[in-house]
């Protein structure tokens, strides 16, 4: 990360007046061209406030997304809570319920990216969060009076509402975050995903075991979502130009150094995007990461309950701790990535590939050893789960921000395509587990799940290592619209 708060006047002029070419390493250019220096504004400026809002958006959104993975254990276990007034259900379609979120999640992604690139992300994000939160309040009533089918429908709509989140964050990144700060601040925002898993698992387990029971889980996180909407309505902005309280110094710094900011909506170069081998490598590896992640995320609570024999409260605490390791590693690797890139120790492309390798080969190896564990090896199994999930956090500071590397100007559209395609396969994660594990108390069947997950991660790592890139593509077309097909 660029450590000082200055950037050269000469650099500003050259970046604003020079078209980005294929293969440009913009961060390296920033380091090469320092002459006279200009202030970048407050050390904690409006861009940092906006980043915190986007972090909390994703954190609360993830809490709403994943709380059912643990809560469904309490919803279907009559012995999970001493308060017998809390309803429980004899549902045989639990994995269908868990996959329902993704049925809706994949549908708006590409359209969402295009809309927010064109009109700005603020109001779309507020509306998305509000819809998801309101539906969260409804789930306990729907489950009690209308059964699992009503919950499935509710989760589909919740998924569709959150389909705007990730494309919105990519669009926000291209408007608000200067290039030299993108690794650290971008990683910080996306690190809200594992942190959301930590918060959701820990609180869901504790609340489900309390006298309030599992319904309070949905009420609690929905309330947080509504509070976020109210605050962001007053404090959020689509871009520095629209923010009324930002200093001129900080606004000029962002607008001049975020070279991907383009005030005029450009035509989307669909033909070039859809024939880019680097973009397909990103899609494939992202898909492998999402499938592997959700295979673990939806099944770890059940595995720890049925095989490792943890009660609901301990289950939530341990599962949360596992995802805390993912969050910590992503933050560390995000800072290390910025350091080696800006010091020109490694190129952006090589850094992205190495970090992505940690996030793919690490889980692949850990899951192979986890498959060898039996119920007598509880400690070893927990350690391996820590490694499998923790090393996966490296993807947050590699492939999750790679769409901005490839095309800052069309990052929202790219991320929409990537997120839509990858989460089609996330739908199948719990269904695959249900197919492979007919007896949840049989460790041998869980072995197959872990071997499958290992192969998924391994193939993703190989593809990105060979075909991935961190270079700006020629169709980014930052300063003219002659390329669009």
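Each residue's number is its place along the chain shown, starting with 1.
Positions of Cβ are set from backbone N, Cα and C atoms, glycine also.
Any TrEMBL annotation is an automated prediction that lacks curation.
Owing to the predicted nature of the structure, the values given are computational and were not obtained by experimental measurement.
According to TrEMBL, the protein carries these features:
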type	residues	note
DOMAIN	49-471	domain 'Major facilitator superfamily (MFS) profile'
TRANSMEM	51-76	transmembrane segment
TRANSMEM	96-116	transmembrane segment
TRANSMEM	123-143	transmembrane segment
TRANSMEM	149-173	transmembrane segment
TRANSMEM	185-207	transmembrane segment
TRANSMEM	213-235	transmembrane segment
TRANSMEM	279-300	transmembrane segment
TRANSMEM	320-341	transmembrane segment
TRANSMEM	353-371	transmembrane segment
TRANSMEM	383-404	transmembrane segment
TRANSMEM	416-436	transmembrane segment
TRANSMEM	448-467	transmembrane segment
Relative to the transmembrane segment (149-173), the stretch among 51-76, 123-143, 213-235, 320-341, 383-404 with the most Cβ pairs under 8 Å is 123-143
Per Cβ pairs under 8 Å, the stretch of 213-235, 279-300, 320-341 packing most closely against the transmembrane segment (185-207):
320-341
Average model confidence [pLDDT] within the domain 'Major facilitator superfamily (MFS) profile' (49-471):
85
Report, as numbers and ranges, every residue of the chain located at least six residues beyond the transmembrane segment (51-76) whose Cβ falls under 8 Å of a Cβ in that stretch; write 'none' if there are none.
88-91, 94, 97-98, 101, 125, 129, 132-133, 136, 143, 155, 158-159, 162, 165, 169, 172, 176-177, 185, 188-193, 195-197, 199-201, 203-205, 208-209, 213-214, 217-218, 221-222, 224-225, 228, 231-232, 235-236, 297-298, 300-302, 305, 312, 315-316, 319
Should anything in the same chain at least six residues away from the transmembrane segment (279-300) have a Cβ under 8 Å from its Cβ atoms, list it; otherwise answer none.
66, 69, 95, 98-99, 102, 197, 273, 319, 322, 356, 359-360, 363, 385, 388-389, 392, 395, 399-400, 402-403, 406, 414, 417-419, 421-423, 425-426, 428-430, 432-433, 449, 452-453, 456-457, 459-461, 463-464, 466-469, 473
Chain residues in Cβ proximity to the transmembrane segment (416-436) (below 8 Å; excluding those fewer than six residues from its ends, i.e. six or more beyond)
95-96, 98-99, 102-103, 105-107, 109-114, 163, 166-167, 273, 282-283, 286-287, 289-291, 294-295, 298-299, 403, 445, 448-449, 452
